[in-house]
Structure formats: structure tokens, C-alpha cells
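Colleague: Pasting in a structure now, in C-alpha cells, and then I'll have a few things to ask.
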Amino acid sequence: MLRSTLSRSAWRTGRHQAARNASRAFSATAQRPAEVELTIDGKKVSIEAGSALIQACEKAGVTIPRYCYHEKLMIAGNCRMCLVEVEKVPKPVASCAWPVQPGMVVKTNSPLTHKAREGVMEFLLANHPLDCPICDQGGECDLQDQSMRYGGDRGRFHEVGGKRAVEDKNMGPLIKTSMNRCIQCTRCVRFANDIAGAPELGSTGRGNDLQIGTYLEKNLDSELSGNVIDLCPVGALTSKPYAFRARPWELKKTESIDVLDGLGSNIRVDTRGLEVMRILPRLNDEVNEEWINDKTRFACDGLKTQRLTIPLVRREGKFEPASWDQALTEIAHAYQTLNPQGNEFKAIAGQLTEVESLVAMKDLANRLGSENLALDMPSGHKPLAHGVDVRSNYIFNSSIVGIESADVILLVGTNPRHEAAVLNARIRKQWLRSDLEIGVVGQTWDSTFEFEHLGTDHAALQKALEGDFGKKLQSAKNPMIIVGSGVTDHGDANAFYETVGKFVDSNASNFLTEEWNGYNVLQRAASRVGAFEVGFTVPSAEIAQTKPKFVWLLGADEFNEADIPKDAFIVYQGHHGDRGAQIADIVLPGAAYTEKAGTYVNTEGRVQMTRAATGLPGAARTDWKILRAVSEYLGVRLPYDDVAQLRDRMVEISPALSSYDIIEPPSLQQLSKVQLVEQNQGATATNEPLKKVIENFYFTDAISRSSPTMARCSAAKKTGDPRTNFMAPGMEEDRPMGQIAYGA
């Protein structure tokens, strides 16, 4: 839902200037700001003018208690827990809302400060229920921690009617509410309105009657809604799927990355035994800040349903369990019987495949004489229109954080709200705080920012670039064109890339400079950039059209089934019994991203790694080890025996893969022009409209399609009713894989 123009303009008024300056998330300036010197607890501190006093205290190494203040949110000043004493000021001041001033003398631990905080804590606890033994926030609750220091041993609040009681709200299948615990810090409201763009969440009433909720019972319509759980400093908002399942001290914590979209959000995987209990975000300001999308957070229950745990061999139309030796022997026998020549062996890689497995699969295919490699796409396996030899052709060149410097953005064939929800929040942030203008070529969607719709086909793109919006891009200091998967999967892809490439090349003075590259490709799948890095692509249309006799599906579930001949022998290697496994002759159980250490490259070219948080279920094996074993049975033994040797092979193919958490800048931008323009010269367009590549945000991969929680979200989104049951009649499309209706 769009914010009103009045709401957007309020960000630019003087009334909100201090709050904007006080939030580190919204500070961006080309010049070094003036410094202010002040004294905090006898220590001299220098900090940027306009910073909040609480930030100066943090710089001095002093931890200030707070509930409403958060570095990424606008200032509210609700809780008053951050009170400090300032000399020559008659009363304690809220350090989150008080800007620093030259020569200030601040005392953060004086008797006056301590007494003031004790008073605030007493008011907060006056109506707070004693739910700690049954509250999911127990053990990681800010109110618990701070009450140990500032709470009294008894309360003075007595009322005949008892403590305030507030009815719990139903916000959908993800967020569990216990509104008696709410301390009205409004973190959730500010996040929903300012970051997520979901103004349904707000406050009603005032004083003792103030309540947080959606007013009308409805879902919190945002792909980022789960972040309010992390923001809530008490147990008012907790995870509904995680309710009463574990305590934080019982969990093993593993730092990893998300692979359910192309962003590579940094996450922490909490496990107990072999089960992933929950997934939380990790701070990385260059990628996901502190946010993750709901699919990343809640689809983890899909890791334990529909899992492949033993090899399966299809006999007489039915799968039968087999040992690894039996399954690999069957594969070798089928290969010898069919005797595929060269490119008649085809390998298709899925969206969640890590670089190690891609390299092993590529080397195996090459040793068998085949170059017929493909990525699973519903549109088929033709070569990418824009070529993949130069990094700037397939990555987000401006970088994710570069969005916060853009002044004009053109979105072509992409819906960032579904393809990269956290990146979409960056666009919204820049739109709110600046005069950012956004144009869209493609199908529209329920956006969190205002945009100018320029059309849906190639002709509309040409008209836009030749018209007023093209002039805006030409005159912008930091223009951005973001090309999405809707273009790559479209029949007019060649024409789209030629048109965009010509425009970028003719305006290189502001699109391609030493400081800025405004051409960006938004990859929606975690494996895409890594596949292009190691050359896991079909080199020509002729090879792609070769009829295969033997097909290897490496975690591939999004393929076009018409591209696979009915008489081909199919091996599916993956971790879920999804679409690929259903058509396979042999199924080999692999590892999910939480069960292996694997290399992924995100949409901006940043190399990152998952880490094994749990062991492998049943007889499942790490994917590259499976391919290594297969190579011996096929008589083309791969030359690496451990993962270190395999990663040396990766770096041999692409040296950029040796630098983790670093974006290697493209060194041959002019060659990019050759591939974008000259390779597509004279491409004709059918002017078919661009289509949405993601119809259902909650069912985009094998893990999320197996998740009961994602099924509940899909059903609730479809009906608009948070109480919808996905097993009810009429909800067949919104069920997880393998589920049947009542009574069936």
C-alpha cells in the first residue's frame, strides 16, 4: 500500500530533521560533517553534529538502557528509559531524542539518573503480567535484563480493577500476540510504516487505553512482517510457529546465509539436535542491514518435511529404496545402455545449488564430452541473451547499498517486493528520504513506493528511454536501471538487452564512471551468479536444442518439463521430493543449505558461505561428494578428493571466488558493451508483455513449497483472513507438497 504524498513530505520538514539526523540508518552526505565535542562521565567524546546523545554515549563505551530507540528506526522517545543527567538542565533528558551540543557535560550513572530510570521501570512493570515462565521471550528479553538492575523488589501500584488487560490480536499465521505484555514502545509500528510499507499496523486510543494492532482483524500484509518479532523488546510479539518449542540456552547457534532468494541475507541458524528450530537475521549493513524476509525466517519447517533420506530407484513405475551402491550401479548401467554421445548428456542445476556442486557437475559433464549445461527456468534452457563472460553483465553493479545514492531508478521486468524483499525496503528507504523518481516497465504490483508505470513490453521500454523518463535518467547524477528475471525469461530478451545496452553506452558519462555503474541485473535465485562465474551455462542455441538421452537434475525443480524428452533417463539429486523427484528414474538424497558448508555468490557479486548447522538426515550425502562418487562409477574420476581441492578448482576457473565477503569490481566494462549491444544487434521483438516471474511469494522453491507455515501464509494471503486453513476445501493450490484434503 502506498504512503500518501503528505506522509512522504513530512520526512523533509524541519519537524523531523533532528530525528533524521539522529538515525544512523538515514545519514548520507558527501562532505564530512562538523564534529561536536562533549564530556560523558568525565570522558571527552567527539561526534558528528546532529547525532543523538545516546549515540555519543555508545561511542564513549557507555551502554544506555532503551526500549523504543533503535538505530534503524525513526526516533519516538516513548519509553523514557534512556534518561541521562545533563549539567545545567533541570531534569533528566531522553538521550535518544536529545541532539548533542558543544560542551555538554553528561552523567549516565548519577544517583539522579538511576532514580529516574527506576521510576520509569516501575511504571513499565505496573501493568506487566508475570508471564516470564511461559513467555517465549524469556532468556532474551530486554525487560527482564533491565529490571534486574532498575526494578524494585516490590510494587506500589494497587488498583481495585487489577492490572490492565488487553485482548490479543490475530495478525496472521506468523506473529503471535500477547498484548498484555506490550509496553507501547511502537518499534513495530515504526518498522511496519517506515521500513516495510505496511501501514495496517498502528496504535489506537491514548493513555492507559492505548493499544497496538491492525484495528480490523487482518494479516499484516508485508513480506518483512517477521522482523517485528526481533524488534519487540518484550514478549508482546513472538513467533507463532516457534511458540513453546525451545529456550534460547538450549539452542546451538550457527552463522550462515540465506539462499531462498538472490540477496544472500546474513542469518543465524538456531538448532537442537538435527532440527532447525528458528532462523534469525545477522547484522550486515551492506547486504540486509538487520532484516530478513518472512520466507527466510519461517520456511525452515520445510527442511523436515518431504525430505529425501535414502536413494530411490524406480521399478515398474514405483520408487523402491536402495543402497548407494545399488543406485550408483543402476546409473552406470543406464549410461552404458543408452550410450549418450557428447551433448546428449544434459545437466540442469537448480536455484539452491552451491558453487562447489556446480563445478563438480560441470567437470563431470565435460569429462563425459558434454557442454549441455542449463539452469532451471520455466522459459527453457536457451543461452542467456546478454552473455555471461563479463561480471558486469549479470550482477547488481551499483551494489545493494548503492540504492541509497540513486536519484532515478528504472525497473525493467522485475517485482523487487517478491524477488528481493529486503532490497525493496532499500528502495523504499531512499524514496522516502529523497526526491527519488521510479519508473516501471512490466506488470505492476502492490508496491511500497510510488512509481510511474511506463508500459509492459519492449516498445514501451523504447518509448520510455526516448521520452521524458529517459531524459530524467540522462540528467541524473546516479541513475540506475534494474533488469529483472522477467526479462531473462522472456522471448524478447535479446531486444530488451540491446535497447538497455545502447542507452547505457550512449549515456556512459553518468552511467559508467569510476565511482558508479548504473546497469544492474537483479538475480532472483541464489545459484545464478555463481553459475555464471564458473561458466555453468550452455554456450550456444544449437547445443541447447540437442535432444538429451540422459538428464541429470541437480536440485532442479523449476524446469520446463517439455524440454525433457519422455524417453530420457532422469537422475534427480536433491534434498526434497519436489517436482524433479516426481519425474526421475533414480533419486539421490543430497544436503540442504543448513546441512553443508557451501559457497554462494549473491546478486551483487559478493562471495559468501553457508555453514553446516545440523547433520545430514538418513543416508543423505553432500552433493559434490555424490558427484565425485558417480564419476568413479562412470569411469571418469574427478580429480579432487576433498573440499579444499575442489575449492582450488573453483578459484582456478574464477579467481573472484577466493575473496569472501568482498565484491570484486568488474575490470572490463567496455567488453560488457560488446555483449549487451553487438551480440544482440538487430534483435526483433514480438512486443509480448513482460510477465510476473513469481506468482506466489511463499512457494518459490522446494523448501518453501514443503513448508506448512508457508502454506498457511499463502492461504491467508489469498483470502485476506488470518484464520484461513490451507487444508480446507478450495485451497488445493495453497497446500505444501504432498498434502491432501480432509477425507481424501
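Backbone N, Cα and C define each Cβ position, glycine as well.
OK, Swiss-Prot features for this one:
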- Cys68, Cys79, Cys82, Cys96: [2Fe-2S] cluster binding site (BINDING)
- His128, Cys132, Cys135, Cys141: [4Fe-4S] cluster 1 binding site (BINDING)
- Cys182, Cys185, Cys188, Cys232: [4Fe-4S] cluster 2 binding site (BINDING)
- 1-10: compositional bias 'Polar residues' (COMPBIAS)
- 34-112: domain '2Fe-2S ferredoxin-type' (DOMAIN)
- 112-151: domain '4Fe-4S His(Cys)3-ligated-type' (DOMAIN)
- 251-307: domain '4Fe-4S Mo/W bis-MGD-type' (DOMAIN)
- 1-26: region 'Disordered' (REGION)
- 1-33: transit peptide (TRANSIT)
Colleague: Which one is closest to Cys132 ([4Fe-4S] cluster 1 binding site) in space, judged by CA to CA distance, out of the binding-site residues Cys82, Cys96, Cys182, Cys188?
Modeller: Cys182
Colleague: Quick one: of Cys68, Cys96, His128, Cys135, which binding-site residues lie within 10 angstroms of Cys182 ([4Fe-4S] cluster 2 binding site), measuring between C-alpha atoms? Sequence order, please.
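Modeller: His128, listed in sequence order.
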Colleague: Setting His128, Cys132, Cys135, Cys141 aside, what same-chain residues sit with their Cβ within 8 Å of the center of the Cβ atoms that define the [4Fe-4S] cluster 1 site, listed in sequence order?
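Modeller: For the [4Fe-4S] cluster 1 site the neighbour list reads Pro129, Leu130, Asp131, Gln137, Gly138, Leu143, Gln144, Arg181, Val234, Gly235.
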Colleague: Across the domain '2Fe-2S ferredoxin-type' (34-112), what is the average pLDDT of the model, as a whole number?
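Modeller: Looking only at the domain '2Fe-2S ferredoxin-type' (34-112), pLDDT averages out to 94.
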Colleague: So which other residues, same chain and not among Cys182, Cys185, Cys188, Cys232, have a Cβ within 8 Å of the centroid of the Cβ atoms at the [4Fe-4S] cluster 2 site?
Modeller: Ile183, Gln184, Thr186, Arg187, Val189, Ile212, Val228, Leu231, Pro233, Val234, Ala236, Leu237
Colleague: For [2Fe-2S] cluster, what surrounds Cys68, Cys79, Cys82, Cys96 with a Cβ no more than 8 Å from their Cβ centroid?
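Modeller: Here the nearby residues are Ile54, Arg66, Tyr67, Tyr69, Ala76, Gly77, Asn78, Arg80, Met81, Ala94, Ser95, Ala97, Cys185.
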Colleague: In the domain '4Fe-4S His(Cys)3-ligated-type' (112-151), how many residues does DSSP put in helix, strand and coil?
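Modeller: The breakdown for the domain '4Fe-4S His(Cys)3-ligated-type' (112-151) reads 27 helix, 0 strand, 13 coil.
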Colleague: Under 8 Å Cβ to Cβ from Cys135 ([4Fe-4S] cluster 1 binding site), same chain, six or more residues apart: give me those in sequence order, or none if nothing qualifies.
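Modeller: In sequence order, the residues whose Cβ lies under 8 Å from that of Cys135 ([4Fe-4S] cluster 1 binding site) (at least 6 apart) are Cys141, Ser178, Arg181, Gly235, Thr238.
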Colleague: DSSP helix, strand and coil counts for the domain '4Fe-4S Mo/W bis-MGD-type' (251-307)?
Modeller: 11 helix, 23 strand, 23 coil
Colleague: Between the Cα atoms of Cys82 ([2Fe-2S] cluster binding site) and Cys188 ([4Fe-4S] cluster 2 binding site), find the distance and write it as a whole number of Å.
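Modeller: Their Cα atoms are separated by 19 Å.
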Colleague: Measuring Cα to Cα, tell me the gap between Cys185 ([4Fe-4S] cluster 2 binding site) and His128 ([4Fe-4S] cluster 1 binding site) in whole angstrom.
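Modeller: Cα of Cys185 ([4Fe-4S] cluster 2 binding site) to Cα of His128 ([4Fe-4S] cluster 1 binding site) measures 14 Å after rounding.
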Colleague: Going by C-alpha positions, which of the binding-site residues (Cys68, Cys96, His128) is nearest Cys232 ([4Fe-4S] cluster 2 binding site)?
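Modeller: Of the binding-site residues Cys68, Cys96, His128, Cys68 has its Cα closest to that of Cys232 ([4Fe-4S] cluster 2 binding site).
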Colleague: Counting other Cβ atoms within 10 Å of each Cβ, which of the binding-site residues Cys68, Cys82, Cys141, Cys182, Cys188 scores lowest?
Modeller: Cys141
Colleague: Sort the binding-site residues Cys68, Cys79, Cys96 by C-alpha distance from His128 ([4Fe-4S] cluster 1 binding site) and give me just the closest.
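Modeller: Considering only the listed binding-site residues, the nearest one is Cys79.
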Colleague: Taking DSSP as the reference, which of helix, strand or coil describes Cys188 ([4Fe-4S] cluster 2 binding site)?
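Modeller: SS state of Cys188 ([4Fe-4S] cluster 2 binding site) = helix.
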